[in-house]
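Heads up: the structure comes next, in structure tokens.
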């Protein structure tokens, strides 16, 4: 007898958003109206490479009717968490369970470990000394850097065998200098992901003060700041080799440029012509005044986004679609003016349905769709409205407060939104962010009047 398509693929749902401490019994209670195949044995949790819960699980049910009942539990709460429920199948479940977790083929036999908490400026020689007596393969060490070319405090090391890597893991919480070093299992795939630049910040980083035209490093072609050049040429010139390309290190303990087959054309694709997001993004601004959204509910529609920004009236909404044809939870929203884009930032961290949404300003006053660059700022307004003399003044900030910045005030060409006076004056957190945005927006409009 031929099995139906559903029978061959099984009766499976995927659950996302589970509390980290969630047990199989709690999942059973959540789906108490559904018949789970083989009880708790039909609940298959997904784990990270380090063996920690990922907050996701597959649940095998007894029939298609039970699947329909389970899907009705979508967006119900477990504790204080909203839980999402999706239809899945046994093929997806088997593949995911095989390729995730600490014992997956991607992690089990390649001898990689990841170090975290390295002292600032830690060299490869110090890491080799830390693992004295354990054989590291040639071209088997890398120290990732951020979008400004600074050390992230992490390192990836590949040992000659998985057995040696297991010995290396026993040095967890030992010291280099005064710092305790954390060591985790890793894989070549994880190392490869660290060669992708931070997507949103790097894709549209404002040029640094030394990147103005004629400074020897133009930004008209791909718009990268000095940090990109440091990353490309190698922030660790000494030791066992620096970067000779974005694909890796040239010799010694750095990864060879052919190890992962990466190149600058791939890593920096989609970084010019006002294209936002990944190199494959098709969105192109016509006004140059945009806000990027992240964390959207996966079922959010364009109308939901228009309503989110009400009473502002966006000109256009572009919901990002990934290469697999699914929404990414991100979108670009285009406004008619810089002032509207700034005012829209007051909605940063506001909720859409059950999700809070992060906003990133991508607009500069006085520019239009043909301008050469837009600021892409994460969690920090970095607009230069009214700036004069060609100075950018404001610095790229991550999501970590003001980074010991004691004052953001100064000359008009260097103040936030150019000439509002005052400044942040030692503020070390993001409290009051919405209020500052709203005040700046209204002040700017009154100044124009």
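Glycine residues also receive a Cβ, built from the backbone N, Cα and C atoms like all the rest.
Taken from Swiss-Prot, the feature N-acetylmethionine covers 1 (among others).
What Swiss-Prot records for 2 (among others) is N-acetylmethionine, and it gives similarity to another entry as the kind of evidence.
DSSP gives residue 23 (phosphoserine) a coil state; it is part of no helix or strand. With a cut-off of 8 Å between CB atoms and residues at least 6 apart in sequence, the same chain places nothing near residue 23 (phosphoserine). The phosphoserine feature in Swiss-Prot is assigned to 23 (among others).
Per Swiss-Prot, the feature phosphoserine maps to 54 (among others); the stated evidence is similarity to another entry. Taking a C-beta cut-off of under 8 angstroms and a sequence separation of 6 or more, residue 54 (phosphoserine) has the following same-chain neighbours: 45, 46, 47, 48, 100.
Annotation comment: Swiss-Prot describes 63 (among others) as phosphoserine. When Cβ atoms from all protein chains are considered, those within 10 Å of residue 63 (phosphoserine) total 14, not counting its own.
In the structure as shown, the Cβ atom of residue 90 (phosphoserine) sits within 10 Å of 14 other Cβ atoms. Per Swiss-Prot, phosphoserine is recorded for 90 (among others), and the stated evidence type is similarity to another entry.
Over the domain 'RRM 2' (111-188), the average per-residue pLDDT in this prediction is 90. Per Swiss-Prot, domain 'RRM 2' is recorded for 111-188.
Residues or ranges marked as dimethylated arginine in Swiss-Prot: 233.
Marked as repeat '1-1' by Swiss-Prot: 234-249.
Per Swiss-Prot, region '2 X 16 AA Gly-rich approximate repeats' is recorded for 234-433.
Annotation comment: Swiss-Prot describes 246 as phosphotyrosine.
Mapped onto three states, the DSSP output places residue 310 (phosphoserine) in coil. Neighbour density for residue 310 (phosphoserine): within 10 A of its CB lie 9 other CB atoms from the protein chains shown. Residues or ranges marked as phosphoserine in Swiss-Prot (evidence: a large-scale study or a structure entry): 310 (among others).
Residues or ranges marked as repeat '2-1' in Swiss-Prot: 354-372.
The feature repeat '2-2' is assigned by Swiss-Prot to 374-392.
Sequence annotations record features per position, and here Swiss-Prot assigns repeat '1-2' to 418-433.
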Measuring Cα to Cα, how many Å separate residue 310 (phosphoserine) from residue 90 (phosphoserine)?
43
Give the distance between the Cα atoms of residue 90 (phosphoserine) and residue 63 (phosphoserine), rounded to the nearest whole Å.
13
